[in-house]
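Step one of this worksheet: look at the structure below.
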Amino acid sequence: MLPSIAKHAASHQIHPLKKHGQNFIFDGSLCDKIVRASGLEENSNVLEIGPGTGGLTRSILHKNPKLLTVIETDERCIPLLNEIKQYHPNLNIIKQDALKLKLSDLNTNKITIISNLPYHIGTELVIRWLKESSLVASMTLMLQKEVVERICAKPSTKAYGRLSVICSLIATVEKCFDVAPTAFYPPPKVYSAIVKLTPLENIPNSDLISKVELITKMAFAGRRKMIKSSLKNLAPNISELLAKLNISNNCRAENLTPNDYLSLASLI
């Protein structure tokens, strides 16, 4: 029988390292709550990034997935994870940098991603996975609360930006719940939150999404500027294109809907 999450970490002398962006969760009930929010079903193929001391890993395994693949770059955690594997042979441990992983490398059916992501790479991973959304069943992720609010933000709000636009064009997004700093060791300086993203059945092709990325980068770089000024270097006839879409030249980036950006991308 495995010891508690905290005792298991202590037995391996694993302490959080800042260079890995580590904030460990020792509360098994919180880990269970995250897995419940994911709606994980038995016999699913699951991916977890940064399992660390294995708290969330254990909760996922209790749902009896077909296969749980964990990606861990901290070699100190590998022996601990191997001890969990002794009780759960459906655990696949890969020592690798998550930023070098392609979902297609896993050679599995639709992947359910459940992770407490390192905050310094969280946004980048979300965007990468959205671009491979045909391989994803859903993503239930712990991120900084501020990032989750940006993912879920609606037009004409302060948090609305590039991330909001791209996420809403590719997936349905749902904020599940907040997590206080005290839930972690060591406590981070900010609140966290759980968000679930489920890819849409019909999504724009990759070329259009790339154009949306370019347009939103330009638009939100001049967030307080009128959209015709922000996008003046996008196309010489930008005012005509905006008029064609019934978008006022006097709008700002935050006033355009995700579909407005998609329509504009289709004209570029």
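Each residue's number is its place along the chain shown, starting with 1.
Heads up, the Cβ atoms here are built off N, Cα and C, so glycines get one too.
Swiss-Prot lists ASN23, ILE25, GLY50, GLU72, ASP97, ASN116 with the feature S-adenosyl-L-methionine binding site. The Cβ of ASP97 (S-adenosyl-L-methionine binding site) lies under 8 Å from the Cβ of THR73, each of these being in the same chain and 6 or more residues away along the sequence.
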Can you tell which of ASN23, ASN116 has the least company, meaning the fewest other C-beta atoms within 10 angstroms of its C-beta, among these binding-site residues? ASN23
Within 10 angstroms of the C-beta of GLY50 (S-adenosyl-L-methionine binding site), what count of other C-beta atoms is obtained when all protein chains are considered? 23
